[in-house]
Every structure is written in structure tokens, then in C-alpha cells.
């Protein structure tokens, strides 16, 4: 193409031709042409780079204003020569450069493959074989699969991992060991599969469950953004990562969480006698843990440990503090009933039920779920007008009339804060 736009580049041989010279004795095939030749930079870029992007060159030439009809019609696939030859030598001379010779044989190796394999497997030895391929269709992905030179140490173990194929999306690691990518009998293969089409979203059910929390909704009303840390490992990471880019990470379930407030709200809090948080929301109640101690997620993880330290659980699972909205009609009615009769069992049931329900809504667990269920049964019977002393009632509710904590006093405080 350059010779057509600038004929002076063919001054040394204006008659374009290609000669094929076979040599049966030396088993060689020589191809001679009278082209414009290549410079040293051309040899490095065009012949020394195997993965040179022709699409990128096409776009650059097209943006420069070249004739689109002449792009991509002068290449015959240089590396197809290695399908019949063990060594290829190119001798070329460009008008603006010296004569150079480029030579390559099939005995070469891929250094970048070796370095990538060692960094991927933490192995000091080279691989035995490699397969690099791409798949296009409904789901497009690229894969690097390596066969190790030696069998893995855990090959015959009964509790070994099924495979060690890493799955990534847009070069972001998604899974360290994706079992669905390769059969179990090929678990000795190491590699990476990368796709541009994999979604990077968490399960919507889990996200919606966290988003419906009354604590999160309260932050949204203040116009604050919330980071969802729903995976078990997130709890450990956040405990070590105290801040990010100068911003302190704060758990929304902590008691010392401070939110923006106006002057009127500050004044109302100072005058109030009950413990409330910065801004009243539409929720009837919520539950927050104390400043020091485990969050609800961390408490659930630690209680699931078979070899946990029970002494640590005692003080790390600290007191829970019930936060209420004193302006809500339910709280106001409950207060009036308590003032009328402090020994009313229904009031005591409602107070404890309110606290236990707040624990559940804040992802804390209940030590006695059956007691909680029986308390709900009693409130249902009260709502239906059923006499609790009716002999036809099931024995379960009667048997569950556990000792009710008094409405006031130290015993009630310890029960609520335990």
C-alpha cells in the first residue's frame, strides 16, 4: 500500500515480483520478493510480537484517514510457515534503514506463560503443557489451563479440593476454586477462566433482606450510603480495615452511631428522659448492640464454632440495648396500661415480646425460641378473647407460664440486657 502512495520506495526494484526457490537437497524453500522491506522496528512489531492486535492497527489506520478498501488485504499469515518448517529466516532491507535478518525456530518457549504459571500456582517448576483458548457464544470467556510437571501433593487425599481453577469477571477474582468448571478427575489442572459477561451482583434476596432493615432505612432517610457486608469473611475484614481513604468505617448496628441532627431534635433529646436515638423513624422499634462487642453477624459466626471459647462469648456478646420511638401510639398505649396495672401479665408479655422481636429484626438470635413462640400463642389467645384458664386449651400454653420478670426492678433489667 505504501508503494502505491509513494512510488519512490520501489526505486531499487520497480518491477514487483515474487520468486519461489525450492532446494530438495537442503530441504528449504526460499521466497524472494521486491517489496519495500522492513525496518528493525517493523521486524520487532510485526514478526517479534505474536499477539499483535490487527484490530487495533486497523482502527488506528482508519482514524488516520486511510482507504478502507486497502486495509487488511495484504497479509497471508506469516506464522502459517511453522506448520511445515522448523526454522524461518527473514532477510530484509528498507530504504530508510540497514539490512537486518530475523530468525526463529520451533524450539522457542513462552516466557510470559511460565511467569504467569508460577505466580498462579506458587510453584518453582515449569508446567508440562498449557492450553490458551477463547470461547464465543451466549457466554464469552477466555481460559488458561496448565498441566503441572509433577502431581500435586494432595492428589490422593480424601478431603482435597475438587479443583483449583480460578474464576474471574473482567479480571476481578470471583471464586478461588470453582468446582463447576472442570470434572473432578482433572483436579490436577491449574488455571484461570475470565469472562466479560458474568454479573458482579450479590444475590438479590440477600441484598433485599439487608435493605429492609429498619437501621438501614433510617440511614437512607439521612441521605447516607450503606455498604452491605453480608459474607462471613466481610466481618473479619472490616474489623481489621478501620478506615478507607481517610473515612472511618462504622457499623450501623453499634450503639455509638452518630447521625446528623438539627437543633430542634437536639433540644427534644435533652428534655426527654427515655433513651432514644438521633432521629425518630416510622419504625416501632429497633435493636442495637453496645459499643464494644460482637455485631449480630459476628455473634452468629462465633456461636457456630465447635471449639469456641465460652468465656469469651460471655463478655463479647455484650448487653443489647432496646431503642424505641416514644412518640409511637403503641408505646404510648403500652405505657398507659403499665401505669394502670403494673402486674398485668399481658403488659409484661408485650414488653418482652417487643424486645425479642427487635432482636430478631436486628439479626440477633434468641436463646429460647420455644419460649418466644409460646408467648406469641398467649398473645394470640388474648387477641381472640380466649380465656387463658380454659381447660380445653392445649397444655403447651399452660406449661409455658414461665416465671415472668417483674415490670420494674433489677431482675427485669438483667433479663432485658442479657
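Cβ atoms here come from the backbone N, Cα and C positions, even for glycine.
Feature list (source: Swiss-Prot):
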BINDING   33, 52, 78, 204  ATP binding site
REGION    255-289  region 'Disordered'
COMPBIAS  265-274  compositional bias 'Basic and acidic residues'
REGION    383-418  region 'Disordered'
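Within 10 Å of the C-beta atom of residue 78 (ATP binding site) sit 11 other C-beta atoms, taking all shown protein chains into account. The Cβ of residue 33 (ATP binding site) has 16, 17, 18, 19 as same-chain neighbours under 8 Å, each 6 or more residues away in sequence. In the three-state DSSP scheme, residue 33 (ATP binding site) is classed as strand. Taken residue by residue with DSSP, residue 78 (ATP binding site) is part of a helix.
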